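Heads up: the structure comes next, in structure tokens.
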Amino acid sequence: VCTSFIKSVLTHYITSPSSQREALLAALQANRTLLLEQLHGEKRFEEVRRLREEVTAGATWLCSDTEDTTWCFVQECLLLLLSLAQHLSVQLELFNQTSTPSAARLRTPEMAPALSPDVLSVSQQKTLGAALQFVISLGLCPYLAPGVGVPLGRRSAFGAMVEGLVCGGAVPAADRRLLTTTTVLLQLAELSSLATLVFTRCLGDIMAALCQLGYRPHRAEGGGAQTEKELNLEERKSCREALKGLLGKVYQPIVVKELLILQGGPKQVSGSSSSRAALGSAPPWLRRLCGQLLSERLMQPNGVQAVIRAILEGGTGGESDWRKCDGVARILVACPQQSASPDSYYRQVCPQILDLLHIRDKLTAQQFQRVATRAALTLTEDKPEFAEQYLLAPLLRPLQRCSTASGQKHSLSWGITEISQAQRFYKFSAKYQGIFQMGNLITQGIYSLLLYRIENCLYFSSTIWVVGNSPSAPLMKALEEVLPVIFTLFCFTKQNVSHLRAPCQEILLWYLGHTEKSGALLVLRQLSGLGEQMKEVAPHFHFIPGSDGGAKLSLRDSVSDEDDVLYEQLSGEQWRLECLVQLLAELKDSDLPGDFFLELLQDLTSLAAEEDEGEDEQEVDVSAMTLLEVEQQLLGRAAGRGQKLTLLQVLAVVCESLPHTLLLRKTTQVVDFMVSLLQRACVGLDRVTGPSTGSPVESQTLSMGMGLVATLLSAPQLSAGDYASMSVLLPPLEVLSQKHPDVVIQELASGLRAIIATHGAYRPENLTAASQRSRHPYMTQNNNAASRKKQKVQSEARDSQASQSGTRTETQLGKTGPPEEAGPGRGPAGGGQGSGTGGSAAPTRAFSDWLLEACDPDVPTRAVALRTLTRMVQDSDPDAVQAQEKVLMLFLENLEHEDSFVYLSAIQGLAVLADSYPEKILHRLLGEFQHGPSLPKSNKEHSLETRLKVGEVLMRASRAMGELAPHLGRPLVGVFLRGTRDPDQTVRASSLSNLGELCQRLDYALGPLAQELSSCLSALIKTEKEVEVRRAAVHVIALLLRGLSDKTTQVLGDVLLDLYRALKWVVRSDQDDVAVLHAQLALEELDDVMRRFIFPEQKLEKKIVVLP
């Protein structure tokens, strides 16, 4: 009744006056008159009249003698609202009294609960909202001081019209009227059903009114009557208490948002049109008050989240949100003036910043993590001492605990402290709290807690360090302290599947990529065991698999066997080195792996120098020493030997696991590598007395290194900077040119030194030949008798070619093939020119020489010659084209050689010949495959092996045919089909294998042969006794289906059912598992083909036909 009456009164407007102001005043006066008439004249409003009279009797603030139309209207609205609140309170009390337990027992599950009488309908809420709007617009906002709250004119068109209707500053009792309106609104808010409407529509205005009434500076002006109408101290104090209570019970993000609005924008500048400037500038006292209240909101529990939600709520993650996150982070880091001390502020705020990392909602977590990351980075840069104490230390404490763990039982106070810190910073779930029962607080329980904390610590650290990506000295220092523990955990996760591997690897790579070179090298040395040990996982503890792919710290089981302990230690060190090298392999765009490798080489040089000096030292006389001194000396020697072994182990793992393109990425690194190599070679040269002292491996390594320097110097364009970087090679080159026992190395060192010193102006004539010999030192050793005999027979031919080979540049030498293709039996004259299969080797030798070397008894020489002839045929060399028949005979002859290096080279050559001249060569090879070798010197005992090798050639030729397979492959199909009836099972299997490779490339040309092919395969599958042949037959069907794919139904349509039945027979009846597997794979291929045939892919295309 009350709400319907309010609606009827408020919506009765009079539109006869001309001006809007007069119309509004007339409407207010007419509505008030109509209200009083209906209250006293109509019986249906008797209850309302009674309630209004009761409220009027208790309303001390009611002013009946005023002539202000708007205030009279506001008073009537306030009386009606209080009457409504009183009525709802009485009805609610009666409802609670009548809801007895007996009535609750009579209620069935299908019955809806009784509706509370204070529940308002949507229409009633709309009417009540209109009444509240009139109260705020006419009875509260006009009496606010300038700059306090949002002006009505900036809210709506109606507010702009009403704004000039009431001049609150001109009213003598403005603060008294403001207090009246605010008090009534707070009384309404005491009822829960009305509090929602009041706070959602009027919270900001009520807060503005309370701030003005309780904190606005008092100015004593006017006479005694004016002083009586002002607020006294008790009233101002009650307003402050009301504001404090209101701020405490309302949702904090809303409170923060309203306080920010009350605080106003910056001081307006002429021409400013920004959104914050539209708020207007608040008075200084209000700005200070809002700042103090915001600081209090921030420093209370969960205050940081309230501030962030107030500013970022409703964000979409765009660029504006990034800027807001940065702004909020700066607000959190700045210590307010109202704080007692910076220490107390950061002690309260930093744990809340860490709590932001625990948010689970996706969008909210993304924004909160941005704020937490930016706040942590900003605090680290601006206040490093507070960041380290209250932010970084609690964040990394779980990892630090891993290095300070103890096997003894911890005290009760220590355990409770750990649990409280975990609850505060890491919020572990209830299932972990059950571990810590009073009286059972032992070591294992404490480290089971670390299971959850370590996981969160790693993910949060990855967010701040890696995602934040803002390296600074405090961050690097804090991370460096726990880096060994992270690396140990990374090594553990590499042994099994774990979700902690990714954050560990990201953190380690980020640190190695952003720290200084010297610091990164020091950390790498410490992690590899070469440097001083850092704070690693505590002794007697290790990581074990945790739940859900995590990890937890646990006590090691005691091992009594010393051999097992030693094995576990050595295997663990080896695994750590392998994991470290895998980390370095991920740094593909960094020079750190190369720098670490060069530092290891420098250590190796120093080690060689120490060993050289140690040889001259005499044994220490221990007779005059005490037992302690002797023990210390022995332990020192053992530690030194251990460091040497560790260095060699690290260097070996690095060289084996990392490619040279990663270790030596730049020319400067190559030069540094050569400096280390040459310095090591200079160690001990002063005591060289014989002409050939030293290890052959060391001499070969030094020779190849000299060749590398020669290659660098032979580059087409070298700048002055390049020569300046190579100047560090001059001292070791001078020592080698004077003291090295090898004459070739002396000459090469002298020549290289001359080139570097003169910046390329002088180049010795013998440098090229010397560098060629130095780059293939293995060619000059261990020559067999056949090689020496051949050098003597062909010396004149080599002398004629020496002038041509001497003109080769240094860069041509870098294009030769790998040295392992030329065996240790090569002669020194031929080793520098024919050691590879590259294109640069063939033009330097006569074709006849390569034919001769293809008959050489030395296996490496013959193999290299065969591969060179293969390259000549492939490049259509004129001499090779003319001697095509000779080359074919030569390849066929070497096909029967017993060494795999030779006959594989011959197979490759025959395949290239068949690809280049298919009509002629394939005919000859088919005859060899059918009837065996036809050469007069062929060994009949090895005829079967030769036929299989020819089959390999035919298979390679089939693969190389490509689109010419339908044209060239028809004769091959007949030969392979006849080969399936060969007496030897190996030939039958080889024929089927070749048949499968060929048929999957024939496409539609296979159609006429489908029946014959199907009959052959079906018969072999069902009647063949040899397992290998049956497997090959089934595999042919799989290759056919795989090669034809969608063409299967067209090419094999007539025989497809027979092939399907043959495959099903194999699956059901064959005893060989491999044949069954091949049949199942073939059936899967057939299934895919038929599915695509029956259910073709739908294509959204439209054909357009152009009519003639």
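Cβ coordinates are placed from backbone N, Cα and C, and glycine is handled just like the others.
Here is what TrEMBL records for this protein:
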DOMAIN    15-297  domain 'TANGO6 N-terminal'
DOMAIN    298-590  domain 'TANGO6 HEAT repeat'
REGION    767-843  region 'Disordered'
COMPBIAS  800-814  compositional bias 'Polar residues'
COMPBIAS  824-839  compositional bias 'Gly residues'
DOMAIN    848-964  domain 'RNA polymerase II assembly factor Rtp1 C-terminal'
DOMAIN    1055-1088  domain 'RNA polymerase II assembly factor Rtp1 C-terminal'
For the domain 'RNA polymerase II assembly factor Rtp1 C-terminal' (1055-1088), give me same-chain residues lying six or more residues beyond its boundaries with a C-beta closer than 8 angstroms to one of its C-beta atoms, as numbers and ranges.
1010-1011, 1013-1014, 1017-1018, 1021-1022, 1027, 1030-1031, 1034-1035, 1037-1038, 1040-1042, 1048-1049
DSSP-wise, what's the residue breakdown of the domain 'RNA polymerase II assembly factor Rtp1 C-terminal' (1055-1088) into helix, strand and coil?
30 helix, 0 strand, 4 coil
Tell me, what is the mean pLDDT of the domain 'TANGO6 HEAT repeat' (298-590)?
77
Can you break down the domain 'RNA polymerase II assembly factor Rtp1 C-terminal' (848-964) into helix, strand and coil residue counts using DSSP?
94 helix, 0 strand, 23 coil
